[in-house]
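Asker: Can you read through this structure? Questions will come right after.
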Amino acid sequence: MAELPVPELPVTPSRCSGRFTISTLVGTEEGGRGPYAPAEGSGCDSAHPTHLSGSTFCTRTFGYNTVDVVPAYEHYANSKGVGDGRKGRPSLADLHSILKPDQGHLQVLVSDPQRSNGLVEAGLEEPTGEPGKAPAPEPVRFGWVKGVMIRCMLNIWGVILYLRLPWITAQAGIALTWLIILMSVTVTTITGLSISAISTNGKVKSGGTYFLISRSLGPELGGSIGLIFAFANAVAVAMHTVGFAETVRDLLQEHNSLIVDPTNDIRIIGVVTVTVLLGISLAGMEWEAKAQILFFLVILVSFINYLVGTVIPATAEKQSKGFFSYRADIFAQNFVPNWRGPEGSFFSLFSIFFPSATGILAGANISGDLKDPAVAIPKGTLMAIFWTTMSYLALSATIGACVVRDASGSLNDSVAVGSPGCEGLACAFGWNFTACAQRQSCRYGLSNYYQSMSMVSGFGPLITAGIFGATLSSALACLVSAPKVFQCLCRDQLYPLIGFFGKGYGRNSEPIRGYMLTYVIAVGFILIAELNAIAPIISNFFLCSYALINFSCFHASITNSPGWRPSFRYYSKWAALFGAAISVVIMFLLTWWAALIALGIIIFLLGYVLYKKPDINWGSSIQASSYNMALNYSVGLSEVDDHIKNYRPQCLVLTGPPNFRPALVDFVGTFTKNLSLMVCGNVLIGPRKLKMPESRLTADGHTKWLMKRKIKAFYTDVVAEDLRSGVQMLIQAAGLGRMRPNTLVLGYKRNWRTASPQSLEDYVGILHDAFDFKYGICLMRMKNGLNVSRVMQAHVNPTFEAAEHSKENGASSRAASGAADPTTLAGEQQANTIFQSEQGKKTIDIYWLFDDGGLTLLIPYLLGRKKRWGKCKIRVFVGGQINRMDEERKAIVSLLSKFRLNFHEVHVLPDINQKPRPEHIKRFDDLIAPFRLNDGFKDEATVAEMRQGCPWKISDEEVNKNRAKSLRQVRLNEILLDYSRDAVLIAITLPVGRKGRCPSSLYMAWLETLSQDLRPPVILTRGNQENVLTFYCQ
């Protein structure tokens, strides 16, 4: 810990708790002073108060005074990014750096004697309200029984339980019916385990299924599922309500009491019902929970009523309908399948039953209304699956042991036991159903009568009440789920025009607007009254959710992210993968065309979010997977040697702040995009202590600027005492494994004649360093320069300008800090450059004067492959002799054809060795005149003594020795002006100055002479003299 040198203070015993002691160093609230008011004579060196960050407090910990603090819940609550400092925790600078005296006061943390260990309970987040106002009422929160288990059980139980399970038992037999139930439950159980794992991996907020998937797999898949899941729940309200309305309509028909006609009665009853359910929902979650409990009790009573009915001796009327109480031979006969009709197959029955096993997400969908979602969701969901499974198995076994498959319902069919001509199991009980069984015209029995449960029960109307409870509870659960999920989606703003529905009202932040939207959708589908076509699509939407929840659990597990730490341990990543795969299979088993529609909608919504690229970071497993893949591929690259065929110009671009040199960034970004590595390097010159804060502040902004400009590049900076040492750091440290730069790209130093001599020496030294490290060099010169920082009225970065600019006054330094704000950098207006526009049918001229391995050819070729430069004609110029022009041209054409570069023209320059015009020679001599030593051809020792302290000076001997090379640069400039004045880009081989033999000023004079007066951008390129092109296949 960072100990403060303060005198020991007495510790109040009442404020100590064991060995873990935190005592306040100031007085408590006195005379109206707040708990954080500074105290006189405090133990934190009150004579010299220290300047700490705003979140730092002085506490007494482990028996001495320190600014360090013990672990506390508040330090981690709501943290998002790595290194996100929380309230109460000192910064690293507070602990590590020297504390500077300040006239301000030291903040002091008043310890709570009941929380002396600093570990605050997670549930005790108390919002800070305004003084004088009554605290806001606590929102209603539910436990795992009322909030999840009962809700899920009600949503799982449905009309299929009452009306279709007996029929399925008759078709498939008890054995295969149990298999169908267990197969369905296997999928839902695996999904339940996956939900449990995801919901216990961090604090779950409102949003339910959408929240779980989006925070795990990211906004792309989460957003698409959230939208269709909310819509599916809204339509499911209509489906369940219509199921209720049809049951009521049938009762009215039995008593000849129709309101209008059968179809319109469904619409009237449905609209009235969904309006009543909306009123219950708007009354608040507490009233909705009470209604659900009422429905739950009704269903339980109906179950008890059914079970009582199975043990009551059968009356003659019930026997005529096939009910004979528990009989072993009935159980034996119904144990095996008896397929009938077009739906008489295993998978057909499975597709009919499976929707009755769904509904396990009802509890998770109200995650924001649970006291502790991490406990309630796993416990409630799994218990709901268990008890509903038991009820399905019990119902199938009991009704299969009591009721025969065929019965006429006629009391006249009773016969004496053993009567001749009687066939079937009922004959042993005194009933002859042979005639209707052979004609397949029986109206009763398990195979024919959907209301078998009502017939078996002790009191039939209670089964009808159970159907009402099952349909209305499911409708109410969906009516609550849809707005809750949709509200969270609206607040995340992944899709346009839906933010209006994200507003919450009341202490539970109820989505009133979402309720109204769900109501309108439900009423619309109720009025259509044709839900048979839409129902399969809705089932597939729910199955998509199951598949993605399982895949989320699997994906988060295999990424090995340290952040995947679910407290629920009873899950398997392979079981989750199986659950995801089987959910997709079931989608196609149910209705293949509906599965295709559902997948098509998801893909469309996924594509939209991928296109929009929302600025959201939820720490998804997709990010963790991307990191794993990048890491594995990078390590894999290191295991294979480089090959010329796979050579890529991986560029370290000395941009300084990238927004200062957009043309340089665009040029390299054009030919490296989706092809090779690009690293934008920046050297911050100055003391590390002063420059490190600037580095931390601007790095993120520069990266966002590159992303906004659609440049696929990395940004990195280093702090160094001078330019050259900083670039040496970048050259040696940039990259990873095989993903390391091999080409240094930098701008031409236009002000080399007026800059400080040392900056000139550093600039040329950088080129020598690059060659020493086996780098290729690409140097870019534009007529109006590259640096637009002055135009932007921003500070001049000293890295690539004259050294004297590094000494700015305080005002400009402060202005630079303001301009370097990440938000400002990312949001500033983007400068347009030549490399962003269509070039049309212009020419790119390559002057391949010396063999550098082929880099001079490769970069323009890669540039020409891009769409904006694709129409340009590429011309290659080489030097030659006038008497061998044809032979040399054919040789170069043959070589280029073997390289398969498809250049359009090849020209031989026979006049390259001609003497330049006198006025141009004089201009060159005038250029180097200020830098000449004028030593009169003295010996080397004398020259070295005269040049001491000014190594950039050019001796007369060096001028004489390099005269031919100097004149060649003058002549080349004349050729460039003659042949390439109208080109869109000129690429020319960079001349090399011998280290220690060519002064930096002479070398810069060569580059100046070679590239002066040219309108198009000039790219001076020199490879590292190793092949980057090959015409071999291996």
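Note: Cβ is positioned from N, Cα and C throughout, glycine not excepted.
In case it helps, TrEMBL gives these features for our protein:
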type: DOMAIN; residues: 54-108; note: domain 'Amino acid permease N-terminal'
type: DOMAIN; residues: 147-652; note: domain 'Amino acid permease/ SLC12A'
type: TRANSMEM; residues: 175-201; note: transmembrane segment
type: TRANSMEM; residues: 221-245; note: transmembrane segment
type: TRANSMEM; residues: 266-285; note: transmembrane segment
type: TRANSMEM; residues: 291-312; note: transmembrane segment
type: TRANSMEM; residues: 346-364; note: transmembrane segment
type: TRANSMEM; residues: 384-404; note: transmembrane segment
type: TRANSMEM; residues: 459-482; note: transmembrane segment
type: TRANSMEM; residues: 512-529; note: transmembrane segment
type: TRANSMEM; residues: 541-558; note: transmembrane segment
type: TRANSMEM; residues: 578-611; note: transmembrane segment
type: DOMAIN; residues: 661-809; note: domain 'SLC12A transporter C-terminal'
type: REGION; residues: 802-823; note: region 'Disordered'
type: COMPBIAS; residues: 810-820; note: compositional bias 'Low complexity'
type: DOMAIN; residues: 826-1033; note: domain 'SLC12A transporter C-terminal'
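On this model, are these features tucked inside or out on the surface, and what's nearby?
Answerer: Here the domain 'Amino acid permease N-terminal' (54-108) has a mean pLDDT of 60 out of 100.
Within its own chain, the transmembrane segment (175-201) is flanked in space by residues 165, 168-169, 212, 216, 335-337, 346, 349-350, 353-354, 356-358, 360-361, 364, 367, 373-374, 377-378, 381-382, 385, 389, 392-393, 396-397, 400, 546, 549-550, 552-554, 556, 563-568, 570-572, 575-576, 578-579, 582-583, 586, which lie at least six positions past its ends and keep a Cβ under 8 Å from the stretch.
Through the fold, the transmembrane segment (266-285) approaches residues 140, 142, 237-238, 241-242, 244-246, 248-249, 259-260, 291, 366, 369, 472, 475-476, 479-480, 506, 508, 510, 512, 515, 519, 522-523, 526-527, 529 of its own chain, all at least 6 residues removed from its boundaries and within a Cβ separation under 8 Å.
Away from its own ends, the transmembrane segment (384-404) comes close to residues 148-153, 156-157, 161, 165-166, 168-170, 173-174, 177-178, 181-182, 185, 188-189, 192, 303, 306-307, 310, 322-328, 330-331, 333-335, 356-357, 360, 363, 424-426, 433, 445-446, 452-453, 456 of its chain (Cβ-Cβ under 8 Å, at least six residues beyond either end).
Residues 151, 154-155, 157-159, 161-163, 208, 230-231, 233-234, 236-237, 240-241, 243-244, 247, 251, 273-274, 277-278, 280-281, 285, 288, 291-292, 294-296, 298-299, 301-303, 305-306, 309, 359, 361-362, 365-366, 451, 453, 514-515, 518-519, 522 of the same chain lie 6+ residues outside the transmembrane segment (459-482) yet bring a C-beta within less than 8 angstroms of a C-beta in it.
Outside the transmembrane segment (512-529), and at least 6 residues removed from its termini, the chain residues within Cβ reach (under 8 Å) are 231, 233-235, 237-239, 241-242, 245, 263, 266-267, 270-271, 274-275, 278, 281-282, 479, 482-484, 486-487, 490, 500-501, 503, 505.
Long-range contacts of the transmembrane segment (578-611) within its own chain (CB-CB distance under 8 A, at least 6 residues past either end) are made by residues 186-187, 190-191, 194, 219-221, 223-225, 227-228, 347, 350-351, 354, 494-495, 536-537, 539-541, 543-544, 546-548, 550-551, 554.
DSSP labels the residues of the domain 'SLC12A transporter C-terminal' (661-809) in these numbers: 63 helix, 28 strand, 58 coil.
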Asker: Do we see three or more Cβ pairs under 8 Å linking the transmembrane segment (541-558) and the transmembrane segment (221-245), pairs being at least 6 apart in sequence?
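Answerer: Yes, the transmembrane segment (541-558) contacts the transmembrane segment (221-245).
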Asker: Please give the sequence-distant neighbours of the transmembrane segment (291-312): residues at least 6 beyond its ends with Cβ less than 8 Å from one of its Cβ atoms.
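Answerer: For the transmembrane segment (291-312), the sequence-distant neighbours (Cβ-Cβ under 8 Å, at least 6 residues beyond its ends) are 146, 150-151, 153-154, 157, 280, 325-326, 391, 395, 398-399, 402, 453, 456-459, 462-463, 465-466, 468-470, 472-473, 476-477.
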Asker: For the transmembrane segment (346-364), what are the same-chain contacts with Cβ under 8 Å, counting residues 6+ beyond its ends?
Answerer: 147-149, 151-152, 154-158, 160-161, 164-165, 168, 171-172, 176-177, 180-181, 183-185, 187-188, 191-192, 195, 199, 208-209, 212, 370, 373, 376-377, 380-381, 384-385, 388, 392, 474, 477, 481, 539, 542-543, 545-546, 586, 589-591
